[in-house]
Amino acid sequence: MKFIIKLFPEITIKSQSVRLRFIKILTTNIRNVLKNLEDDTLAVVRHWDHIEIRTKDDNLGPQICDALTRVPGIHHILEVEDRSYTDMHNIFEQTLEAYRETLIGKTFCVRVKRRGKHEFSSGDVERYVGGGLNQHIESAKVKLTHPQVTVHLEIDQDKLTLIKARHEGLGGFPIGTQEDVLSLISGGFDSGVSSYMLMRRGCRVHYCFFNLGGSAHEIGVKQVAHYLWNRFGSSHRVRFVAIDFEPVVGEILEKVEDGQMGVVLKRMMVRAASQVAERYGVQALVTGEALGQVSSQTLTNLRLIDNASDTLILRPLISHDKEHIINLAREIGTEDFAKTMPEYCGVISKSPTVKAVKAKIEEEESHFDFSILDRVVNEAKNVDIREIAAQSREQVVEVETVAELADTDVLLDIRAPDEQDEKPLKLDGIEVRTLPFYKLSTQFADLDQSKSYLLYCDRGVMSRLQALYLREQGYTNVKVYRP
């Protein structure tokens, strides 16, 4: 099985040296992502205008394709089959064999890319093959604009490449081609989408979380960060830094006037994140702020927030409306996380100012004990995001993990609905119920609490995190099922 990876167009217009660097980085990223497949026959080979992937294990095709569609820097992926040919009629015969079943009852067109010296042009092949397919396939019709099926062929000297399928890629730049950034992540719609947008633009995104809601809040945000990394950025190691910001909030509530609290809190977050960024050599902060979305996000207030630090602050969503942000969250898979994530920042100020005055803000901050800010930053927890799974095991030692179920146990499948549909969980004599992880916080209480529930997910990470969360909420009838 062979895949041809086409580069994002912005890569192809770079200078020769920059383009080569981008291609090398993309090739390395692909190898890092695919190494989890443990396929000894897998080969990744870079070329000037594309990257080839070959494997002798055809069963891995769907997994390879799925992984590639989530690697930044790829425009599209072609699933291809290389053949030799003798003449133009032979090209038609091979195309007919490959596409006969696909084109029955469909409109189609033929598109050919050709390299090398031949007695025919690309247009000649398109007309000859298209006409032949039209004559030999029942109810198939040629339609050059917006056909139902496009038959893609590539001819390189004496080699014919049949393109069996085309899959759209993520686009953007390969991660690592730009410098590192630190995303201020809250787990909501905005911070998840803004993190994704910087990953797609080639940045390795680290995460900084300001904990205002206890360990349950931290667990939820870790889930979002781990999901984003695992889905779009697993080619690189990244940090997850958690800062206990409750002492800072307490100091603000005690020392700062109500109307100024929102802006002061954001300035404190920027100061703390800037210290973290400087510690790890990160060049910029990323936030999910959008102009005018909340009181602290007016131009006047954003300028004052920026002035709290010399560190560059990137706001990829600055001109996006909320509906567009939610749509993007839905596309990348973070919507369900965000729906159930509590928003703590908005509750500390009852009458927030929309046009803060610098002198007033500085006066309010003069009452603040900055040693508290320094202390929480120094005590920040820094973990490799890959260790979140191991950390969850340590945190839930009080939650029993079992490999066998009793007849009275209820197996609770907490995987996402699409995963449940793809691999339904069935065990003889055991009651199996489905409740996606993002609904546990709101719907677990509705279940029969006289029963014992064993939480299940594919790798055991989400089930452990959710078991810890439910334990903290006072539920003692939960365990983790790991067969």
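The count begins at 1 with the first shown residue.
Note that Cβ sites are derived from N, Cα and C of the backbone, with glycine treated the same way.
As annotated by Swiss-Prot, domain 'THUMP' applies to 62-166. Residue counts of the domain 'THUMP' (62-166) by helix, strand and coil are 38 helix, 38 strand, 29 coil (DSSP-based).
When other Cβ atoms within 10 Å of the Cβ of GLN297 (ATP binding site) are tallied across all protein chains shown, the result is 21. DSSP assigns GLN297 (ATP binding site) to a helical segment in the three-state reduction. Look at Swiss-Prot and you will find LEU184, ILE185, LYS266, GLY288, GLN297 tagged as ATP binding site.
Swiss-Prot lists CYS345-CYS457 with the feature disulfide bond. Classification of CYS457 (disulfide bond) by DSSP places it in coil, neither helical nor stranded.
Taken from Swiss-Prot, the feature domain 'Rhodanese' applies to 405-483, supported by sequence analysis.
The active site, cysteine persulfide intermediate feature in Swiss-Prot is assigned to CYS457; the stated evidence is sequence analysis. Taking Cβ-Cβ distances under 8 Å and a sequence separation of 6 or more, the neighbours of CYS457 (disulfide bond) in its chain are ASP413, ILE414, ARG415, PHE437, SER463.
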Least buried by Cβ count (within 10 Å) of the binding-site residues LEU184, ILE185:
LEU184
List nothing but the largest Cα to Cα distance in Å, as a whole number, among the residues LEU184, ILE185, LYS266, GLY288, GLN297 that the record says bind ATP.
16
Would you list the DSSP helix, strand and coil counts for the residues of the domain 'Rhodanese' (405-483)?
28 helix, 16 strand, 35 coil
Coarse DSSP state, helix versus strand versus coil, of LEU184 (ATP binding site):
strand
Around the C-beta of GLY288 (ATP binding site), how many further C-beta atoms are within 10 angstroms, looking at every protein chain?
25
